[in-house]
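Per TrEMBL, the features are as follows:
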- 165-174: compositional bias 'Basic and acidic residues' (COMPBIAS)
- 89-117: domain 'Zinc finger DksA/TraR C4-type' (DOMAIN)
- 153-174: region 'Disordered' (REGION)
- 223-243: region 'Disordered' (REGION)
- 94-118: zinc finger (ZN_FING)
Amino acid sequence: MLTDDQLKQFKRILTEEKERMVRQLKQNRHFQLEEGFYHEASGELSSYDNHPADAGTELFEREKDMSLNEHAEQELKKIGEALKAIDRGDYGRCKVCRRPIPLERLQALPATLFCKEHSPEQRISNQRPPEEPYIGLSLKISRDGGEALREVAKWGTSDTPSDWAEGREDGGYKNLDEDQEYVEAYENFIGNDSKGKKRAVYPNRRHEQYEMALDENGIMTVFGDLPPGEKSPYDEDEKEGKK
């Protein structure tokens, strides 16, 4: 059982918390829910000339304020019930089993009227947002904004032949055949195992184009010069060719 000093301390804590929450709700006018929609809250006269995304942002903020206000009112209700329990003399006992609530639990949750075993809020909800499965699929697939643009560009864009100098026979859209799913050109024909070893080169059309581009420019790599140990055999071949 709680002593008289402990009951006075918990009553003081609950009273101060109640006064703080009431003062907060009064200052923010119940998270601005006493005002109209976001026109009044944000000072806008009309949303006619605003982008739809602006209205979506304000709607999200409105929904968040409603959730915060509901949470605050529920906490105030719990505090009020706890103060009534102190006045009745049954504070510190579980409403279900009537056993004493541990002091550590009361110190952590002064407004609780239940023990841990009979708390109605101990179960974690398994409900998930309905859009989560679809969002998960998009996160598992490697995509970027450029790929999405290429997909929709196949159905037509506002570009005209005057937007570029050279004509095309693939519908007139630029960069539809550019490299996808990798950054550097050589990444399309090289690979290794899961440990980063057993490097291999897979001959294909991109590989041939890459080698031709190197030969035309007289270079051996596009990302810097070769180390001396790897460059020496090529130097010897070049010297023999000059002889």
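Using N, Cα and C of the backbone, Cβ positions are placed for all residues, glycine too.
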Is the zinc finger (94-118) packed against any residues at least 6 beyond its ends, judged by a Cβ distance under 8 Å, and which are they? 1-2, 6, 10, 13-14, 17, 75, 78-79, 81-82, 85
Per-residue pLDDT averaged over the domain 'Zinc finger DksA/TraR C4-type' (89-117), given as an integer: 93
In DSSP terms, the domain 'Zinc finger DksA/TraR C4-type' (89-117) comprises 6 helix, 2 strand, 21 coil
